Amino acid sequence: QHEAPRRVKRAWVIPPISVSENHKRIPHLLVQIKSDKQQPGGVIYSIKGPGVDEEPLGIFSIDKFSGKVFLNAMLDREENDRYRLRAFALDLGGVTLEDPTDLEIIVVDQNDNRPLFRQDVFTGRVVEGAEPGGTGWGVGLGWAPSQAGASTHRGPAATGTCVLTVDATDADDPDTDNAALRYSILEQGAAGMFSINASTGEICTARPGLDRETMGVYNLTVQAADMSGDGLTTTAVAVIYLEDINDNPPEFTKEEFSMEVEEQAVGVDVGKVFVHDKDLAGSPSWLAKFTILEGDPEGAFAIRTDPHTNDGVISVVKPLDHEVRDRFELTVSVQNERPLEPSAPASPRALATVRVRVRDVNEAPVFRENPRRISVLEGTPPGTPITTYTASDPDTHQVQTLSYALLYDPAGWLQLDPRTGTVRTKRELLHPSAFLQGGWYIALLLARDDAEPPLSATGTLSIEILEVNDHAPQLQPPAGVLCRRPGRGGTLLVGATDDDRPPHGAPFHFQLSPQHPQLARNWSLARFNGEVTHAVLAVLAELPEGLYSLPLLLRDSGTPPREQQQLLNVSVCHCGRDGTCLDGALAAATAGAGITLGALLIILGSTILLLVLAALGAARVRGRRRALRKGLLQRSRDDMRDNILNYDEQGGGEEDQVSRTHGRGPSDIEDFINEVGQGPALCPPPSPHPQRAGGDSLSLQGLEAADSDPSVPPYDTALIYDYEGSGSVASPLSSIVSSLTDEDQDYDYLSEWGPRFRRLADLYG
């Protein structure tokens, strides 16, 4: 809700009060306020606001009884140009008599501040030759960080090409003449080349004829004054640089230059051509650009600019041959990177002649074909010429002789004729070899002339070692395990490898040895699913468990093909329903499977050692029994009687049969001796099939002890071997115990027992 405005009595309304800054009569009466509501005892006046009870404190005060307002300190308009206070009227009891009213004090400005340029030094640039009435550009830079800034002015001006603008500020009241600034040039070091706009401070060209080569920098002293030029003043410096234009063409210092270079030199500097340019060094108007116009049709020379000296540097970019051309005459031109100004005069020395002489030097030999690639068959015998690798000497004006040497021959396979360059094999070239790189053998040859000093060249000889089919395929692996029955794990995958490279290796041809046609009854060998390196071996009939050695014929696909017969050791085992060998059958069947040559030698040595130990044990037992028999014979001699003993005569066939079977053992002889010792009796004829019971008790006991020992291998286990053909030089294999038969017993001692044992000595001795 808005209250209705109440009329304020005119006596309580206080108009603004003006007071000059820097007023020195302190205290100074500003105004007296008075309320129309007089009360018995009087009215109490007070003021509040900035300068009274707010910062800055103590500037204004009031007499509370009379209402007079006083100025107590000097004022500065640049700090605060006006103060707004509130006036109050109260009775003695503190009750407000009047509504508070505004008291505004205005500080009047005085010219107490000098103008200040925004920068101490102003910098501008203008192109040389700028005419009045054109357009220039300028940039002002400040020294103090608080005054940092730049002013740029472009555009036409009434008095000429404007370069830059200087500007200043004045802290006084901008609405008074105290801040009305005017600019002027106090000094410029030349006869009025620049002028300044008094109101804006813009500096422009005033006259033509600015030439950087004559004067490149102008230093101007400028002034700013307030009170429209009649008040306080300040000065600054304006530095004007003249920008160079290409108004001076480059010129050669002379018309002809001479230099020389060695032949075959590439990338070397031949010499320099010198130029002079009056324009600003390092600027595009000064930088020279050279061109070879004539005399170099092959492009053997190049010319570049030295960025430091601006001279032209001539270099060789293609080899020069003294024997082909020994002199060159080049025409060279020069111009600036920036186009020449139309007003600039033409140069009379923009062209120069350069004469280059090519000096003759000794040149190195050259292998025209480098590298040389040849092919040699693997196994080429030593001393075979394989190529003649020679170089040529470019020095046709000099008579020189070349010699050759092997620089790199890592395998020592080659020998070289030092005069003719003919390369021969020193040793047989082998493949594969660690010295081959992708089937190639790399050798380096050195060709050297006889000049002083001598020069040499290196040639690369790449020899391709052509593969020869000199290796037969090898069975891999040489052993395996399969089941005894066909169709239930009764197949074995066999493969082969060949040291020869294609096409002398796979595909391989697998075949059962044609020398043993009976193998086809039990075995088959066919290619595995079209593979070129594997075949499948299968059983055709149920076979006994054991180790079989199958001779296979393997042939490669080389030209001509190589073939070799090899043995495949196959362990046939008893398999379960899943087609895998049972644990016990696998251990027995694979006892010799996959045996290498080293393993065979170890097993053979172990077998011989066991045989020797068994023979030593048998000899020891035999010695004990012989001693026992000698003791019995000695006792029998004490009771020697002339009794006639009749024995049944046995035929030779019976005797032969006894020799092939187990005969009487030592226990039988002891029983016979006991019988003889009891008196005359008829000795029963030797049985053609003696039994092991009774007289063979010692042997049976030993056999039983060996069979019951878990640490003794089952030497009597029957081993089944495949048929290896007739005419085998190897003896049949049998157990160790079977060799200890009557045929191996020594019965010669029976002849020492007297006439009673003579018949036994004839039978068994």
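From the backbone N, Cα and C atoms, a Cβ is placed for every residue, glycine too.
Listed in TrEMBL:
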DOMAIN    11-117  domain 'Cadherin'
DOMAIN    160-252  domain 'Cadherin'
DOMAIN    262-367  domain 'Cadherin'
DOMAIN    368-475  domain 'Cadherin'
DOMAIN    490-582  domain 'Cadherin'
TRANSMEM  597-619  transmembrane segment
REGION    643-669  region 'Disordered'
REGION    678-697  region 'Disordered'
Q) For the domain 'Cadherin' (368-475), which partner among 11-117, 160-252, 490-582 gives the most CB pairs under 8 Å? A) 490-582
Q. Quick one: DSSP breakdown of the domain 'Cadherin' (160-252) into helix, strand and coil?
A. 6 helix, 42 strand, 45 coil
Q) Do you know the DSSP helix, strand and coil residue counts for the domain 'Cadherin' (11-117)? A) 2 helix, 47 strand, 58 coil
Q) Under DSSP, the domain 'Cadherin' (262-367) has how many residues in helix, strand and coil? A) 0 helix, 45 strand, 61 coil
Q | Counts by DSSP class (helix H/G/I, strand E/B, coil) across the domain 'Cadherin' (490-582) | A | 5 helix, 45 strand, 43 coil
(Q) Please list the DSSP helix, strand and coil residue counts for the domain 'Cadherin' (368-475). (A) 0 helix, 47 strand, 61 coil
